[in-house]
Amino acid sequence: MLSTLRSASLFSSLILLSIFNYACAEDPFVFYDWKVSYITASPFGVKQQVIAVNGQFPGPILNVTTNWNVVINVRNDLDEPLLLTWNGIQHRKNSWQDGVLGTNCPIPAGWNWTYDFQVKDQIGSFFYFASLNFQRASGGYGGIVINNRNVIPVPFGTPDGDITIFIGDWYTKSHKELRKDVENGIDLGVPDAILFNGLGPYRYDQALVPDGIGYHTINVEPGKTYRLRVHNVGIATSLNFRIQNHNLLLVETEGSYTVQQNYTNMDIHVGQSYSFLVTMDQNGSSDYYMVASPRFVNSSAWAKATGVAILHYSNSQGPASGPLPDPPNDLDTFFSMNQARSIRWNVSAGAARPNPQGSFRYGQITVTDVYVLLNRPAELIDGKWRTTLNGISYLAPSTPLKLAQQFNIPGIYKIDFPNGLMNRPPKVDTSIINGTYRGFMEIIFQNNDTTVQSYHLDGYAFFVVG
């Protein structure tokens, strides 16, 4: 995959007190107190420890509006350090609130930290999650909704409801056990379940799904249209999302409005978020299946790892029935590629600002830096199995990069990340990319592994050009 990336602008200005007061009035502050802790839940019918936010699994929805200032005091009641990261929030001008190891100090067990950031010039559907120590495998995630300001029109009618859906792979092993397996070179294997909003599958097949598993139900009214914000919050599994006898009208993905197109199903890879309008246009003679099934797997053992929830019409006459709606041919990777290519930016619509979203003309961009990021299967480095990019496995320093930069502390990191694979043995290092300020970076992702890889560039939106 080829993408271009533009560095975010930094600026400073002198602001008069009266202007400052006006800005504060225009950009409200919202305050939250969150406690991250373990609770006991049974996502797959087996009691286990999960990570909850304010006692909720999944965590609460962070529902804000463009330009609001968000202040969240997070208390860590886990037995290990914690960081929350805000997937897709750009944190313009300063990455200190980003919540990943390397830019932030972890929150020690029993301590708290207050995140303070502005959702500047952003709209759309995102999610937050615990970013350390494989904790996302045990939960610690929730949704982020950034609404348009009233002065900015939305390019579709107001839906009758707004529903957030989390889909993702799930293991009955704890995140600590999974972490040890990965460190010892043991493959994660087939997940025990695919969850919908923290609950296991509806018993659509008595041979595949055990009895006594709680499942997720979405209640709807016939004839109405709902906005479904669907997030893949799993750790490794690409999923295909679909609803029996219903079309998915794609309208937004991760902060960008799209050209509106109907899909019968959508491949959603790890970390991705999509917004659909779904009209309840069936007769309600029964409930309907909502399905999330693994993609790009060729083993019959994966058949049990299918997530199924229920879409329940208020006038439904009975339970969902019949076979699950068919997924795409799992061996047809071109289907997924072509589907991704079919998604187009709605360049005539405004988003966070009144002007159209617009687009860059790739042929007119002056590319300042080119990097080929090559990943391959885990390798044994100093007695531990590690994955690498360009032969380097990142080592998070004890002093966060932001502090080292702020106070000019030498020896914490090296600005020497190679722009391609080097002819040398793999190594562990704190090596970072030396980007050009206000430049355009071209990144070529080369996946030499045997599984699908998802890349997330914190703080940036990027354009896929090839």
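Yeah, the Cβs are placed from backbone N, Cα and C, and that goes for glycine too.
All TrEMBL annotations are machine predictions without curation.
Record features (TrEMBL):
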- 1-25: signal peptide (SIGNAL)
- 36-150: domain 'Plastocyanin-like' (DOMAIN)
- 162-316: domain 'Plastocyanin-like' (DOMAIN)
- 399-466: domain 'Plastocyanin-like' (DOMAIN)
Report the mean pLDDT of the predicted model across the domain 'Plastocyanin-like' (162-316), rounded to a whole number.
94
DSSP composition of the domain 'Plastocyanin-like' (36-150), residue counts helix/strand/coil, works out to 4 helix, 54 strand, 57 coil
The domain 'Plastocyanin-like' (399-466), counted residue by residue under DSSP: helix, strand, coil
6 helix, 16 strand, 46 coil
